[in-house]
């Protein structure tokens, strides 16, 4: 077990996420209030909640992130591009884009590259590509990671949380591929402080979780 007093400020790693399909304006307000109170650098909400989150966090040093093509990645590239541009116009500065898993499985490198690079170029925002590592072989993970880095992504993200969660093995694998070129966002099923520490030790530079408050309280307790 990793010691509780490890020299890590867990709050600074957290993308405070509220991605329940039943999210209400009151839920988004609570999410933003928690981010301010606990010092989370980012909130992650659905595209329909971006404008509200931006207004609530006006003047704060807290980024608003949203998801694109979520959670399956099966939208057409033009739809994803529109989603990304609209989210940017509404104030989002970070975009978590779901990769097209069918294209990864088929080895369609050019299509994947073109989709990600178009969004990177059109928005100029921080781009995190969700690879859904639980559904890919190691060969497919490597292919997807290398294409996304070449296309201009800023982060490789493990999972959407809909098809399993982040593992230490996958974070370490992606970190070894990236060699510091991009950040690694571990996401999905991060509920305990020990999990969080282990993922950070493996190379995660961001943690996407809806349990950020509990993690910080556990560290401070």
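Using N, Cα and C of the backbone, Cβ positions are placed for all residues, glycine too.
As written in Swiss-Prot, here are the features:
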- 96: active site, proton donor/acceptor (ACT_SITE)
- 157: active site, schiff-base intermediate with acetaldehyde (ACT_SITE)
- 185: active site, proton donor/acceptor (ACT_SITE)
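Distribution of Swiss-Prot features across the structure.
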residue: 96; record: active site, proton donor/acceptor; DSSP class: strand
residue: 157; record: active site, schiff-base intermediate with acetaldehyde; DSSP class: strand
residue: 185; record: active site, proton donor/acceptor; DSSP class: strand
Sorry to bug you, but what's the C-alpha spacing from residue 157 (active site, schiff-base intermediate with acetaldehyde) to residue 185 (active site, proton donor/acceptor), rounded to the closest Å?
4
Tell me the Cα distance separating residue 96 (active site, proton donor/acceptor) from residue 157 (active site, schiff-base intermediate with acetaldehyde), rounded to the nearest angstrom.
8
Measure the Cβ-based neighbour count of residue 96 (active site, proton donor/acceptor), defined as the other Cβ atoms within 10 Å of its Cβ.
26
What's the number of neighbouring CB atoms sitting within 10 A of the CB on residue 185 (active site, proton donor/acceptor)?
29
